[in-house]
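*Asks:* Here it is, the structure, as structure tokens.
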Amino acid sequence: MKHKTNNTYLLIGSLLFGLFFGAGNLIFPVTLGQEAGENVWLTNLGFLITGIGLPLLGIIAMAVSNVESVFQLANQVNRRFAYAFTVLLYLVIGPFFAIPRLATTSYEIAVAPFVSPAANKIVLAIYSIVFFLLAWLAARKPKNLLTIIGKVLTPTLLILLCSLFIFNFINPLADISQVAVQGPYQSQPITVGFIEGYNTLDALAALAFGIIVVHSLQELGIHDKVTMTRDIIISGLIGVGLMGVIYTLLARLGAESMALVDQPSTNGGQALAMIAQYYLGDIGLLLLGLTVLIACFKTSIGLLTAFSETFVDMFPRLSYASCLLIATILPTLFSNFGLNMIISLSLPVLMFIYPLAIVLILLSIISAFLPLNHLVFQWAMVLTGLAAIFDSLKVMEFSWLLANPLYQSLLSFAEQFLPFYNLGLGWTLPALLGILLGLIFSRKHG
């Protein structure tokens, strides 16, 4: 029985790692390493808080709250919020940002180095169609997800990544202590790393993948709530622990790679391609391309499945097949915007939804042990959301908006009245105030 339990932990832990570890998990730690330079370890610490700490808390929140979906978790606020939050979250980690980013990242690393600039757009279009056609075929039967990701794709990915790390340990690129530090990484390395961790989308994905993990455990014959909660938490520790090790090694690679270039690469995908080519020539590019392709493909299957299953649960009139088709067609179109454009468009949305997700996760865990009135959730969400709007406005880089007087007035207001706003954390004190007000009003009504 113990042997079977250990196998369950490893299998579900491998499934979680496989679902989480996609495009952003490969490229952002490398970019972070390049820009942080000798401050890479402090920056990586901040990155790990949001990159693995929050996803673990998200998994725990889903487990201890005895819910199977984001909608049920968000329903602790109220039903309207649950619909709005769930739809926005799944659009972000689904067809609008995360899924198209998977195709563009894998293309940037696996295909673009072998394509002439003149043919780039047409090849990207063809690649996107093929990539999402295969992902659609795999996601049509979600019962096969545990086998495809947990038993096949994840071990292959780990073997390929480890080969690159071994070459780096044998022949380091540079002494990290001699690598220059870029911009804000000089004065606020931990805080910048914390915000960079938003880009992985994993705290949001942790909530979204909860339903997949629950269904996978049920397929293994586990239905008891207590046993399921324990298995989810232990498996989560295995999955995110492995992610943390790989993030750290990728950040180290990024910092060392500055010995090969004069300035940081446009994105982490280009940096990884450069590192692989340095160690193994064109064979290295092919090896890295295969690694990235596997990472992105398996995560796309998981996200397509999670998106479709959730929308069917929320809107029963929809069929799984129709939701899956929509979730596949949209990113096929959006992926042709290119990786850099997708990243820049997603950041303002992340700066809004991430604070809401963080507060919801923390309150859900607390409420599982010290039950909280729905007013606490409501006040916390309202004030967090209002403050997060200002954090979102700050990172918008549209030329027509930057010159707008109203926009500048809003930024000035936030800088004056929101503590930690300049760090991208202007929502923290309003969130605490919302919790406090919720506790006060719940006592009056209780």
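Using the three backbone atoms N, Cα and C, a Cβ is placed for every residue, glycine included.
Automatic, uncurated: that is what TrEMBL annotation is.
From TrEMBL, here are the annotated features:
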- 9-28: transmembrane segment (TRANSMEM)
- 40-60: transmembrane segment (TRANSMEM)
- 81-99: transmembrane segment (TRANSMEM)
- 119-138: transmembrane segment (TRANSMEM)
- 145-170: transmembrane segment (TRANSMEM)
- 232-255: transmembrane segment (TRANSMEM)
- 275-297: transmembrane segment (TRANSMEM)
- 318-343: transmembrane segment (TRANSMEM)
- 349-372: transmembrane segment (TRANSMEM)
- 379-400: transmembrane segment (TRANSMEM)
- 420-441: transmembrane segment (TRANSMEM)
*Asks:* Out of 40-60, 275-297, 349-372, what stretch is closest in contact terms to the transmembrane segment (119-138), meaning most Cβ pairs under 8 angstroms?
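*Replies:* So the stretch in question is 275-297.
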*Asks:* Among the recorded stretches 40-60, 232-255, 318-343, 379-400, which has the greatest number of Cβ pairs closer than 8 Å to the transmembrane segment (81-99)?
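*Replies:* The stretch I would name here is 318-343.
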*Asks:* Between 40-60, 232-255, 275-297, who has the most Cβ pairs under 8 Å to the transmembrane segment (349-372)?
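*Replies:* Per the Cβ under 8 Å count, 40-60.
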*Asks:* Quickly jot the same-chain residues contacting the transmembrane segment (379-400) by Cβ under 8 Å, restricted to those at least six beyond its ends, or write none.
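*Replies:* Cβ under 8 Å, 6 or more out: 77, 81, 344, 347-349, 351-356, 359-360, 363, 407, 410-411, 413-414, 418, 421, 424-427, 429-431, 433-435, 437-438, 441.
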*Asks:* Top stretch among 40-60, 232-255, 275-297 for CB pairs under 8 A with the transmembrane segment (9-28)?
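*Replies:* Between the candidates 40-60, 232-255, 275-297, the best contact partner of the transmembrane segment (9-28) is 232-255.
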